[in-house]
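J.: Can you read through this structure? Questions will come right after.
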Amino acid sequence: MGITDLWKLLEESERKFSLEQLSSYANKNGKSLRVAIDVALWSFQVRSSVVGDCSELRAMFFRFCRLYEYGIRPVFVFDGPHRPRYKRNKEIDTTPSHTKFTRDLKELIKHFHFSVWEAHGEAEAECALLERLGFVDIIFTGDSDVFLFGGRHVVRRWPKERQELLSCYDLLWIFDTTKLDRSDLILIGLLRGSDYDTHGTKGIGINSSSQLARCHLHHEIMDDIQLFGRDYKLDNERVQHLFDDLTYELHHNTCGNLKRKRTNVVLDAKFFDFSIVIDFIHPTTKIGSITSENMELAQQLEKNLSYHYEPDWLNLAEFAQVSFKWPAEYLLKRFSSVLYPGFMANKLRRQQPSFKRKRPNDEPSTQNSATLSQQEEFHQSSLMLHMKESKEDDVVKITQSKMSNNDIRLYRVEWDISTFEAFQQIVQLKLNWLDFRDIDVDLLKEVQDVDSFSSVKRQWVDANYIHYTYPSIALEYQNQQKKNNNSFLILPLKRT
């Protein structure tokens, strides 16, 4: 979605990074990577790639597990009730979405202690301003209109495979390679067509429109719109001058940017739709609306994105069991394989001196403590104690080391089984061991005689984390490596 063929035009500026690389860059500065996610695009992607009962929600769950493992703090941005009535020349439903999938998705987000943000209108416009205001570092969306709304750092697609590299874009990279800035992209959208006017101008393709944009004939009028905001009074005479200048350029190629003169092309006299231009340059957004309610919501969002919160393990496990109809034994196996590595990785991150620590009263809670049973309170407090303390016996040994793709030294550590037992203890507390056993016998067969811990007990982690948190174990490994390096047979010197 967005401007037709714009992604092809921007291919030259694309750079590839893994999700792990992106998160590690932020971790170097003691921060978690903060991302804004266009929910509509994510929902469309999972809907087109999975089948089966609750498959969309389940696919979202596995994506959330990856975000959690890498310590990424996301805000999921939903389209708002004031998005345009027409998009791609079709009337769309502008009422808030209250489908079961949306309700379940928001509950899943809540259990992971991620953030939800309801946009005023278009989610991609809200994402762009969240990034420009510094709430997030990166935007996840496949809608190229995000650049026209002012988005600067964009990841186009979620990786299908764990080590798959992501297509990453930056407005500075785009300008360096194509010499196109944001206002140029807006003009391309007006000439080529976008989600809000798919017609564009007949005979003007993505290449011709970008070549015209590089003439910068539109810069002055768009700079004024940028300066004066939504109160700008459009001068029809200036629009006519722009129309004449672009037409003359098409027919005579005075700037020399066109590959050939386009004397047969006639611009649409109404191509400069001011309502579209002003919505791109100054979109009406919730985060940009200064009201006491929105300010309070923005402060809460900033706090939730700035600190790392553990998932609400008790309710997350219970929700997953009911939603996915997983027998308790199968759920424990799945949680162990996709969430235990993140459980330990985030425990390590919290011990680092650069980690931004929460104040005691900052811990979010989805339940009133008075409603917790004594058993639940005991397990909650035990888990918090386990997460805050790092013990030398958490790590059995370091088995390997290597350099990552982004030149970070990694250690492969073997965790002690007590950490795994602590994780499972809290996860299974509210599971129903009788439900769903007869729904899918194959699931139960799949987990029989499988040692869950053996598949997750070894994990690659940042070596610096180990040196700081478990110094004696790191030193022992280094000494062993030196010993191994000096263990070759060396013949004694011949006596003279």
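Residue 1 is the first one shown; counting continues down the chain.
Here the Cβ of each residue, glycine as well, is placed from N, Cα and C on the backbone.
TrEMBL labels come from automatic prediction, so no person has curated them.
The shown structure was predicted, so the numbers you read here are calculated from the model rather than taken from an experiment.
From TrEMBL, here are the annotated features:
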type	residues	note
DOMAIN	1-92	domain 'XPG N-terminal'
DOMAIN	110-182	domain 'XPG-I'
REGION	351-374	region 'Disordered'
COMPBIAS	363-374	compositional bias 'Polar residues'
J.: Residue counts in helix (H, G, I), strand (E, B) and coil for the domain 'XPG-I' (110-182), per DSSP?
T.: 25 helix, 15 strand, 33 coil
J.: Quick one: mean pLDDT on the domain 'XPG N-terminal' (1-92)?
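T.: Average per-residue pLDDT within the domain 'XPG N-terminal' (1-92): 85.
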J.: So, by DSSP, how many helix, strand and coil residues make up the domain 'XPG N-terminal' (1-92)?
T.: 43 helix, 18 strand, 31 coil
